[in-house]
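Taking it in order: structure first as structure tokens, then the write-up.
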């Protein structure tokens, strides 16, 4: 069935009329945070474990705002008698958000799912040079990326994300253990110092008592 002439104009005017009847409300940002759509394009997060330094994102970027440095590393053979192989190791991954136009081409062309959209948008700076964010910041933004809906509700977590999460949990547990050990060592040192001070005070009191006894005998 052919569309009725003028139906598009009528739909547009209907939207205009509905909007005109609504009350104007000013969003009190930043006191009230905006409600963002689930897949908002804020900044780009880097999942470093998936990056193979293929340079495809940097080559396809129309703004040339992605900077990548790497070096080659020799990996020993997996089995005796095997051949050594070389791999690229990521040294630097930075994005200059003062040049980025948020087209998302780098995310689309990445064949290893190393780049994702994060809903974070509060990264304003007073110096334009500070809008170039290195891989540590991009990795921090990665943890704000909402998880896509699973094809199977009972599917297991992807092995890459599980490995990264376990590594983060292990690092946090190690840091907590080190902090606990440091606190225990400090408490032991304080207890030992208190014991020594108490023993010294007791020795001084005994010496004073002995001296007083000798004076009384004389």
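Yeah, the Cβs are placed from backbone N, Cα and C, and that goes for glycine too.
Those TrEMBL annotations? Automatic predictions, nothing curated.
Pulled from TrEMBL:
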BINDING   51, 54, 57, 110  [4Fe-4S] cluster 1 binding site
BINDING   61, 100, 103, 106  [4Fe-4S] cluster 2 binding site
COMPBIAS  153-169  compositional bias 'Basic and acidic residues'
DOMAIN    42-71  domain '4Fe-4S ferredoxin-type'
DOMAIN    91-120  domain '4Fe-4S ferredoxin-type'
REGION    149-170  region 'Disordered'
REGION    185-218  region 'Disordered'
Number of helical, extended and coil residues in the region 'Disordered' (185-218), per DSSP: 33 helix, 0 strand, 1 coil
DSSP-derived structure type at residue 57 ([4Fe-4S] cluster 1 binding site), helix or strand or else coil: helix
Other same-chain residues whose Cβ falls within 8 Å of the Cβ centroid of 51, 54, 57, 110, the recorded [4Fe-4S] cluster 1 site, in sequence order: 52, 53, 55, 56, 106, 109, 111, 112, 114, 115
List of residues, in chain order, with Cβ under 8 A from that of residue 54 ([4Fe-4S] cluster 1 binding site) and at least 6 apart: 111, 112
Residue distribution over DSSP helix, strand and coil in the domain '4Fe-4S ferredoxin-type' (91-120): 5 helix, 10 strand, 15 coil
Rounded Cα-Cα span from residue 106 ([4Fe-4S] cluster 2 binding site) to residue 57 ([4Fe-4S] cluster 1 binding site), Å: 4
Cβ-based isolation winner (fewest other Cβ atoms within 10 Å) among the binding-site residues 57, 100, 106, 110: 100
Residue distribution over DSSP helix, strand and coil in the compositional bias 'Basic and acidic residues' (153-169): 11 helix, 0 strand, 6 coil
